[in-house]
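Enquirer: Here it is, the structure, as structure tokens.
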């Protein structure tokens, strides 16, 4: 960065302001300067009047565009780190959310980087669905003048590992793009792979990308809004659990908990639509069982991230024990030469099925072997936090955050098993006990900025959580817009989550309509998608009145069934064929009128 000051006549600052700016930035590193540049761009982006008053810059040289397609925040963090690396190398770079990207301009991109995660059964993140559809449609342009690279994040415990990245990579090449680098598919522990890939990208682009002129604003893009907080995924807040209340009935097949966490005077802020990240500890009883099955001792030393820890502590705090993966099964089979597991090696479908139905501890029980402690540690994946849709608004609950947790419980040959994070919150954290948390902001699941806009909320099961936050916010704002909730669960008497609250909102006129689907209260199973079809005419009227549609919950089945029902309603009552209805719903997505938080 140059320290030479342009003539004062060309500056929008007076001498005193310029002196203060120079003093404030003297000791900053290039990466810090890049962040500050992006921060002030974000501040400016929130002030349309100031932005409009700024003279149009001279036509700038084409630079690098990074598209961030994130579901849980990891892809966004990688994209932001790459942006900072490129800015530090004095390269002209723009970072945009996939949901904000004007994808019809993709043909004009010269240097394009895509950082994407995968959700559901190989689908792109919600914010990238429209871009993905466009690239795979007949409207996609040739990209013969575009060089690109793709970094894909995923979880190898799922069958369609990194599928979204594979899709983008193959389609960009098919459209004529030139690969700068081979695609990288990163697993849950992605940091080392991302760091190496970022360095390779910077090296590859240095010879191809224009260096930003000193007078240019190199931070020409940012990811929506700048969130500043001392707490993050890597530096969580030590909060305390204040309420743990079961909100399903005694005879329900589901154990759903309403959890309230006290944030104290931390100043941690969130918005309706955000998620709460929870770092949990594994059950000590599960750790003990696994250690004993392998004939190990809990006090044996192991090395974790350069530190020496007792095996018990390492397993309880640092490694994933409740989710098995095909890679773990394959590696355990190879390591132990298990006669039961070796026949599965090489058969992806069988490995996936075994991993999905057999927890790690039961894999060891069924195929016992003797491993040393370090071999066990090397076999496992690092523990990662779980994300829960926030079920509260700070306009009502202030220094608290609420979540709705479906506790995972099941048996394996008569032995009780449970989900790591859900059982931690439900069973092992005492009242006022410590819970390490952070906020994962989700700018792709937000209430309309206009309080008069109607809202349609579709959230069966624990998918109801963010809509409780929405209603608290709409009530606090005295928003005049209509609100319509679709909720479903097996039984009315046992599974009507937050029933009293919804009844109060209806009585007070905050909740205009509520449609309920109970799948097991009658012979015929009824789901929320059936209620959507049943109310199709009225639903179409709301959509025509500008309503925003929100869907939260299961990505693999519910979200697909709901989307199909919406397409049928649009086609029938909008007088469209299937293709036109799909295009209409895609436009709603681009306009942020159709938003999903699915998992």
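Placement of Cβ uses the backbone N, Cα and C atoms for every residue, glycine included.
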Enquirer: Record says 519, 520, 525, 526, 527, 528, 529 bind NADP(+). Source is Swiss-Prot. Which of 495, 554, 561 does it list for that same site?
Expert: 561
Enquirer: Between residue 520 (NADP(+) binding site) and residue 406 (FAD binding site), what is the CA-CA distance rounded to a whole number of Å?
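Expert: Between the Cα atoms of residue 520 (NADP(+) binding site) and residue 406 (FAD binding site), the distance comes to 18 Å.
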Enquirer: Per-residue pLDDT averaged over the domain 'Flavodoxin-like' (64-202) comes to what?
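Expert: Result for the domain 'Flavodoxin-like' (64-202): average pLDDT 94.
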Enquirer: Pop the Cα-Cα gap between residue 161 (FMN binding site) and residue 406 (FAD binding site) into the table, whole Å please.
Expert: 25
Enquirer: Report, as a single number, how many Cβ atoms besides its own are within 10 Å of the Cβ of residue 599 (FAD binding site).
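Expert: I get 19 for this one.
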Enquirer: According to DSSP, does residue 386 (FAD binding site) sit in a helix, a strand, or coil?
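Expert: Residue 386 (FAD binding site) sits in a strand per DSSP.
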Enquirer: Among 386, 388, 421, 561, these being the binding-site residues, pick the one whose CA is nearest to that of residue 161 (FMN binding site).
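Expert: Nearest listed residue in space: 386.
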